[in-house]
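Here the structure comes first, spelled out in structure tokens, and everything after it is commentary.
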Amino acid sequence: MWSTVLVLALSVICEPVRIGLVVLMLNRRRPLLHLLTFLCGGYTMAGGVAMVTLVVLGATPLAGHFSVAEVQIGTGLIALLIAFALTTNVIGKHVRRATHARVGDDGGRVLRESVPPSGAHKLAVRARCFLQGDSLYVAGVSGLGAALPSANYMGAMAAILASGATPATQALAVVTFNVVAFTVAEVPLVSYLAAPRKTRAFMAALQSWLRSRSRRDAALLVAAGGCLMLTLGLSNL
């Protein structure tokens with residue numbers, strides 16, 4: 001269980017969205033307070049969802065029907081599938097085809113007509129405007145959003161549930177996952193006290209570096225994690 005929790009938590013650290021939000025908090029008028037509020041929101045969401053998930057699913061027959069090894073193998077296969085999708089860009093190609101409509105003019109030529117902005121685009125614009133606010137409410141909501149259950153998160157919860165450990169051990173595993181996953185915000189919170197400018201510069205450089213990585217770089221990292229999870233799962237069967 002612990003190896004699965006740590007591997008999945010480490011894979012969350014460098015999420016571009018999470019790092020971008022941390023950089024955003026560091027550039028507020030009160031960066032320490034914003035970062036602390038961001039962390040509180042993240043801990044609240046992640047811890048609350050974890051406890052509800054473990055209590056609800058732990059009371060069902062499903063809890064005893066799978067092992068940690070099976071969770072590791074399943075997580076590894078999903079990671080490899082995601083890596084394949086990133087490499088082939090299947091989703092991106094589908095989205096590009098959907099954003100343009102093919103129509104013909106009087107001469108029979110095929111023209112490309114842009115589709116009006118979708119609801120998702122409008123929602124993204126509103127979210128961007130919301131994040132520009134300087135209220136602590138924005139920091140708290142950002143933390144809640146950053147900690148919304150992801151595939152890594154649910155994989156860790158499944159491993160914790162399948163372990164059959166005591167409630168205290170499961171709670172400790174949840175806390176460990178959250179602390180490791182939010183390292184990207186915890187370290188800047190501490191380092192800002194000693195070197196605010198260097199902290200801002202380092203986080204901005206990290207964000208720029210991640211943005212410069214190609215889709216295949218991300219696919220390679222995801223595939224490596226998937227292979228590691230498969231190896232752990234097969235060795236524990």
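Cβ from N, Cα, C; glycine included.
What Swiss-Prot annotates here:
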TRANSMEM  5-25  transmembrane segment
TRANSMEM  38-58  transmembrane segment
TRANSMEM  66-86  transmembrane segment
TRANSMEM  141-161  transmembrane segment
TRANSMEM  171-191  transmembrane segment
TRANSMEM  217-237  transmembrane segment
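Away from its own ends, the transmembrane segment (5-25) comes close to residues 31, 34-35, 38, 75, 131, 139, 142-143, 146, 150, 152-153, 155-156, 159-160, 173, 176-178, 180-181, 183-185, 188, 200, 203-204, 206-207, 210-211, 225, 228-229, 232 of its chain (Cβ-Cβ under 8 Å, at least six residues beyond either end). Counting C-beta pairs under 8 angstroms (sequence separation of 6 or more), the transmembrane segment (38-58) fails to reach the transmembrane segment (217-237), with fewer than 3 such pairs.
For the transmembrane segment (217-237), the partner stretch with the highest count of Cβ pairs under 8 angstroms, out of 66-86, 141-161, 171-191, is 66-86.
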